[in-house]
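K.L.:
This is the structure I have questions about; it appears just below.
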Amino acid sequence: GTRLNGAKGKIDAKVHSPSGAVEECHVSELEPDKYAVRFIPHENGIHTIDVKFNGSHVVGSPFKVRVGEPGQAGNPALVSAYGAGLEGGTTGIQSEFFINTTRAGPGTLSVTIEGPSKVKMDCQETPEGYKVMYTPMAPGNYLIGVKYGGPNHIVGSPFKAKVTGQRLVGPGSTNETSSILVESVTRSSTETCYSAIPKASSDASKVTSKGAGLSKAFVGQKSSFLVDCSKAGSNMLLIGVHGPTTPCEEVSMKHVGSQQYNVTYVVKERGEYVLAVKWGEEHIPGSPFHVTVP
């Protein structure tokens, strides 16, 4: 409460959260000369409240109010990030990485990706924190900044990801920035025990695939496609390429995170090829694929 000793005028208040956001607040008169400032905090940590009367701070303003237990504020030093998407990727293909906030208490997460193209960015909650997905459209170096609970970077941030592949957008400015902000809630690591439930055994019908390499290829050039086994339980991915006479020179499979595989292959001659993609013993939907090399 604030006392004004009978002076007439306007009281107004502003609440600043630890991350610098201005929170909405309501000033109400409890009785003549006594006011209450109410706000709903979205972050733990020290909030600063400016209370002004006719534009000047009242005695004691700005007030400091702690929300949550000490040490419970979103502490960026306790947040970690990992995953292939922090190191690199390919244009037009979604890269992803994970952010673990279980040790940090609630805070606002901000992810900024700066590089040669805008990226389509998406974020999903996971039991441990967040999964961030982004699709770069031009090759080059991207700086990925991850901040938590305010203006401070988490450990290792900014990360530098090297993206290869063709440029899929017209030349833009040299530096494009994309960012997302997520208001986090408390996550305790006890939630992670759910991920220990054994996954249903294998189901090849749940594997999906996409990419030009499933239908066409060119002599001496890399063809690629993406296979997503994330919903198919546990098994191994087997790839075979069968050509007219010469064996396929090179077939490589790279796990790009959470059971998604990027497969590339190079063919040596023209003709009809058969491409088999199996999850354990069973063909995935669409397999065997027929690939024509002109």
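Cβ from N, Cα, C; glycine included.
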K.L.:
Can you check which of 59-93, 164-198 Swiss-Prot lists as region 'Hinge 2'?
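P.N.:
Result: 164-198 is the stretch Swiss-Prot calls region 'Hinge 2'.
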K.L.:
Just going by other Cβ atoms within 10 Å, which of the modified residues Ser61, Ser157 has the emptiest spot?
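P.N.:
With the modified residues Ser61, Ser157, fewest surrounding Cβ atoms within 10 Å: Ser61.
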K.L.:
Given the recorded positions Ser61, Ser157, Lys160, Lys216, state which is nearest to Lys268 (N6-acetyllysine) when distance is taken between Cα atoms.
P.N.:
Lys216
K.L.:
If you compare CA-to-CA distances from Lys216 (N6-succinyllysine) to each of the recorded positions Ser61, Ser157, Lys160, which comes out shortest?
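P.N.:
Going through Ser61, Ser157, Lys160 one by one, the closest to Lys216 (N6-succinyllysine) is Lys160.
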K.L.:
On average, what pLDDT score does this prediction assign to the region 'Hinge 2' (164-198)?
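P.N.:
The average pLDDT of the model in the region 'Hinge 2' (164-198) works out to 62.
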